[in-house]
Amino acid sequence: MWKVKPPVVFPMETRYRCILENLVPPDPMSQFHLRRGSPEEEFPDLCRNFTWMGRILTPAMYRRQFDRCTPSGVMFDDVIRLGIEEPGEWCGPVTVGCLAGDAQSYILFCDFFDRIIEAYHEHKVTSKTPESDSNYDNLKGGDDLDRSFAVYCEVSVTRAVEDFCFPSHCSRGERRHLLSLARRALQKLEAELPGQLFLLEELSRQQQAEMKAASPTSLQLRCGVARDWPDARAVWLSQDGRLVIWVNIDDHLRLVSHRDDANVAEAFKRVFINLQKLEDHYRALKHPFIWKQQLGWVTSSPADVGTGLKVSIHLKLQLLPQHKRLPDVLTRLKICMEKTESPEVYSVRNIATFGQTEVELTQLVVDGVKLLIAMEKRLQASADIHELLPSHK
């Protein structure tokens, strides 16, 4: 049996020692006959890299990961490829700069991934299993946002399917098998929620635009996520248009519920009721969603581990975006705000998906949005917002 024992001085790896010993040969790269130099010669230039990968990766860490690969062939250079292709900007938001090729990547390269996750989500990775709470009855105030400011909301959640590589590394056969599984699971879902599955390759450009099925970006093509586009990519749309399920786009599955009345509570409810049904259907097909004890739900991006949940609310704001204290307010609230295509409309969403439950993350965004609306009202009345400034969380 192949064996490798990680150095005991790296505590993040000791948690997975028994798994690592069964996974990794002393030099798995030798079976590929790759013409590579030494770790020192192959270490990437990170001088102008502003991702978390660029900040965290050191020559010593790279050397430890250099001769490792997962059973499906994911090696460390595959993991950091995203950050090399898209190094980020010094003044912009800090992205993770890496993608997992499969679920085993999180175990094999845990010394790297755990540090990325802790930095991005600002939460320590421990042996404790992350808590989960998707009970929509525990959400407070998601249905009473001021409609003169809140104009739209979207709740989405991503999931990956056990026994399959992630999009950046999966084969055509795997991707088509995933589509077949999705078709069978969604047929069962349609018994309770009528809808229809559309293959992207069968849709016209106008239909794709109506469904917001954008063409892949150059970055998606360069990092391998959009290989063979649009082969085996699909979108399922509920009859009432309130639930959309994307198959094989950025991840295996992405459920999205949006509402023009900005009712976050109803969008959250719609997503998680149907997510639970899909989870049961996939488990019956012997391919459950991927769950790791220390991380929770995992997908291709470490930015989505834990819950895979993103909550976005669109706000009409005129004065607050120009206020000098806004960046500090957003940092304290642990949310981010970005411009949309519409003038004076901004998207407010959560950053982290790990370290809090689904309800807590949604509550974080809802409470933050209410505070931003209160500040905008104060500024419109020519009043000061100092009293409304939140404390550091």
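Placement of Cβ uses the backbone N, Cα and C atoms for every residue, glycine included.
The ATP binding site annotation in TrEMBL covers 152-156, Arg254, 310-314, 338-343. Counting every protein chain shown, the number of other Cβ atoms lying within 10 Å of the Cβ of Tyr152 (ATP binding site) is 18.
Summarising the annotation, TrEMBL assigns domain 'Phosphagen kinase N-terminal' to 35-122.
Positions annotated as domain 'Phosphagen kinase C-terminal' by TrEMBL: 149-379.
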Next item on the list: Using DSSP, tally how many residues of the domain 'Phosphagen kinase N-terminal' (35-122) sit in helix, strand and coil.
Entry: 41 helix, 2 strand, 45 coil
Check: Across all chains shown, how many C-beta atoms besides its own are within 10 angstroms of the C-beta of Lys310 (ATP binding site)?
Finding: 20
Item checked: Other CB atoms, at most 10 A from the CB of Ser342 (ATP binding site) -> 12
